[in-house]
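One structure is given here, and the rest of the page talks about it.
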């Protein structure tokens, strides 16, 4: 592991740090996930976003199933060292597992959350019927 890469990052008690994927061109926030030290190291080594799945308890590369990979253009660490922003190029224009550009597709409209973004590709087309 690269000590210079990891020493400034404040991983939580579970060894994770918040990772935000933001489109490098539009600046739209596409998703928020978690990274452990291994996922961060793999991201730097490969140039593609890797995360740690809390539900599956394993590291994964974004797009390994869907093909919607995230090419990292820049990594930024916040002032407290406990959150990372990755400026990325989103392959296929879909970051969300629901088939939308962003995971942040719901908008509060005063009394309810409304879906603001259309599905670009159906989940079954992306992952097959087993997802």
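The backbone N, Cα and C atoms fix where each Cβ goes, and this holds for glycine too.
Record features, source Swiss-Prot:
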- 78, 80, 82: Mg(2+) binding site (BINDING)
- 79, 96, 103: Zn(2+) binding site (BINDING)
Sparsest-packed among the binding-site residues, when each Cβ's other Cβ atoms within 10 Å are tallied, from 78, 80, 82: 80
DSSP state at residue 79 (Zn(2+) binding site), helix/strand/coil: coil
Those residues of the chain, 6+ apart, with a Cβ under 8 Å from that of residue 103 (Zn(2+) binding site): 30, 31, 32, 95, 96, 97
Binding-site residues listed as 79, 96, least Cβ neighbours within 10 Å: 79
Shell of the Mg(2+) site beyond 78, 80, 82, same chain only (C-beta within 8 angstroms of their C-beta centre): 10, 77, 79, 81, 83
Secondary structure at residue 96 (Zn(2+) binding site), reduced by DSSP to three states: coil
